[in-house]
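Have a look at the structure below, then the notes.
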Amino acid sequence: MVIKHGSIGVLCLQLAVVATAVKLLLLPTYCSTDFEVHRNWLAITHSLPISQWYVDATSVWTLDYPPLFAWFEWALSQAAAAVEPAMLVVANLGHDSAATVAFQRGSVVVTDLMLLLAAYWLARDVAALSMGRNSGGGGFSGPANGGSGVRAPPPRSASFSGLPADSRSSAAALAGRRGVALFGLLALNAGLLLVDHIHFQYNGIMLGVLLLSLAAARTGRHLLSGFLFAVLLNMKHLFLHAAPAYFVYLLRHYCFETTADSSSSSSSSSSSDGSGNAGRGIWVTHGLTRLTLLGAAVVAVFGASFGPFLALGQIPQVLSRLFPFGRGLLHAYWAANAWAPYAAADKLLALAAPALNRRLGWAALRVDMAAAAGSANLAGGLVKVQRFAVLPQITPPITAAAVLLALLPCLVGLWRLGRAAGRVAVGPGALPASSRQHVRRVFARALAYSCLCGFVFGWHVHEKAVIVALLPLAVDAVCSRLAARRFLVLSTAGHYGLLPLLFRPEEYGTKILLVLSYFSGAAVALGALHGDAASPHARAAKARGKRNVGLALGWLQRAYLAGFIAVELYCSVVHERVPALRERLPFAPLMLTSVYCSLGVLGVWGDMALEWAGEAAGHPSRSSFDADI
């Protein structure tokens, strides 16, 4: 296909070049211990037999990712052998020659092509759907009570062709801008630049697979979507939090989906034999066939990944590496999730307990003195199971239950979306093509929420995991003003929470510039999209005689975002220049950062949880699933 000047393809290519240039500029920056982690994995997979991959403990950085990622490291090691064989010697701990650094840094840049490919596919899909939908006017909100509030949109061709020529041109331009904005939000994500291209990891390729799976689901390629998600789970098992949403979505909207055509067929069968058993039998057979195909694809991926280790009798050993519950609930630097304020409250209570107990005259707060001691407390920086001094202990089963309970409204809502849309549109059980497209669009929001649930309530969560929720939310953000506001808050809180990873003064200016640039670009781009005169929101505001104000952040959101200035001033200036603070509260900057960021993360999660709870109950309190496109 010939790409004309100014098209989505050209603009996305330009953004891809900019993103790659930024990554290349970051090549000389500092490398964290994760650099040595991946060098060691290159050495293990290249120099040792497969039977030793999950056994070798020469380095403390043992292989603890699923087998497909190990094979990915093996593939990289074949190229690394031609660059510098010394990096592939298992005993060469800490090897970081210039050639090694250049190869590993370059491999991250090259494998990011997966992310760019997925971003482009999603950008084209969003633009295509936006062009078809902008003509329709009012969105999808249904009746205020009863049902799910989802109404099937009008057919794309009919509604779009009904617009005047100038309106069609404006809508087409807006559609293109949505696609380009999405590509920019994904390709230039500040979190990935900080974590992958400075700190050093390979999140880009894995998030690329996730977004490819999402794009496949949005375009109706459900078997491919399930296959890609299975591949992703076998590259990084921490994506398990999204598995329930994938299961419900694919079961309801691929395996046992019914269309208007099948509904008509069922009705005809019912009138001819009086029971409709033939039509129902066809539907069940069709669903079981698809379920079998999907199951076979997933089993094939897991078989190829874990099969060799099953044959070696090493599955327990592999699983012990993948799920190291002995590492404890929290890292030395707390992720900005629900357990950060919980841990902060425990630490403050432990500090206040002696004075409070003396004032009250009795032991109102019982403190576990061993847990409160310096080397065993939650700020000790040790990789071990650590205990709370005052508050009840949090165990892996508790976190698992919390994640599943948080996911439940989303899972029920995903199931109801298809059933309710079909009921409103064409009768019981039937889902027309237009409603199917809507459900597929909503899946991006479900995926973002599922990943956010895992981040908020998971066990031993890395602060970097917030990026996993951000990228699917970006897909929703360019289409919905509500999602755009959430994205701006979550990206700011999530990205700021990554800054302590880069602790050297040499990287201070770079990390602040990256985060501020991304925030500014996202705010301007999303504000322009949702303030565009051609957007449905702007047209609705004009019809009501109101002024369109773009994203229209609330006062609380604006105050929260402005609060990051105060947090940064304290952490970087006040705390460092007041010796008493450094001596008495050495943990304060990290704790303040984690807790303040967690407020934004929990706020976005709570807002989305209420939305899904309303959808699950069948009576959303607002038209939360209306896409502005």
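Each residue, glycine too, has its Cβ placed from N, Cα and C.
Feature annotation from TrEMBL assigns transmembrane segment to 102-123 (among others).
Sequence annotations record features per position, and here TrEMBL assigns region 'Disordered' to 142-163.
The transmembrane segment feature in TrEMBL is assigned to 175-194 (among others).
Residues or ranges marked as transmembrane segment in TrEMBL: 224-249 (among others).
Feature annotation from TrEMBL assigns transmembrane segment to 291-312 (among others).
Positions annotated as transmembrane segment by TrEMBL: 394-415 (among others).
Positions annotated as transmembrane segment by TrEMBL: 442-459 (among others).
Feature annotation from TrEMBL assigns transmembrane segment to 465-484 (among others). Counting residues 6+ beyond its ends, the transmembrane segment (465-484) has Cβ neighbours under 8 Å at 122, 126, 129-130, 178-179, 181-182, 185-186, 189, 191-192, 195, 203, 207, 210-211, 214, 238-239, 335-336, 441, 444-445, 447-449, 451-452, 454-455, 458, 490-491, 493-494, 497-498, 526, 529-530, 537, 551-552, 601, 624, 626-629 in the same chain.
Annotated transmembrane segment per TrEMBL: 512-531 (among others), in sequence order.
Look at TrEMBL and you will find 551-573 (among others) tagged as transmembrane segment.
According to TrEMBL, the feature transmembrane segment maps to 585-605 (among others).
In summary, the transmembrane segment (175-194) lies against the transmembrane segment (512-531): three or more C-beta pairs, each 6 or more positions apart in sequence, are under 8 Å. Segment contact holds for the transmembrane segment (224-249) and the transmembrane segment (291-312), given three or more CB pairs below 8 angstroms at sequence separation of 6 or more. The stretch from 291-312, 394-415, 512-531, 551-573, 585-605 with the most CB pairs below 8 A to the transmembrane segment (442-459) is 394-415.
Long-range Cβ contacts of the transmembrane segment (291-312) within its own chain (Cβ-Cβ under 8 Å, at least 6 residues beyond either end) map to 50-51, 54, 66-68, 222-223, 226-227, 230-231, 234, 250-251, 254-256, 318.
Under 8 Å from some Cβ of the transmembrane segment (551-573) lie the Cβ atoms of residues 481, 484-485, 488-489, 492, 496, 508, 523, 526-527, 530-531, 589, 592-593, 596, 599-600, 603, all in the same chain and six or more residues away from its ends.
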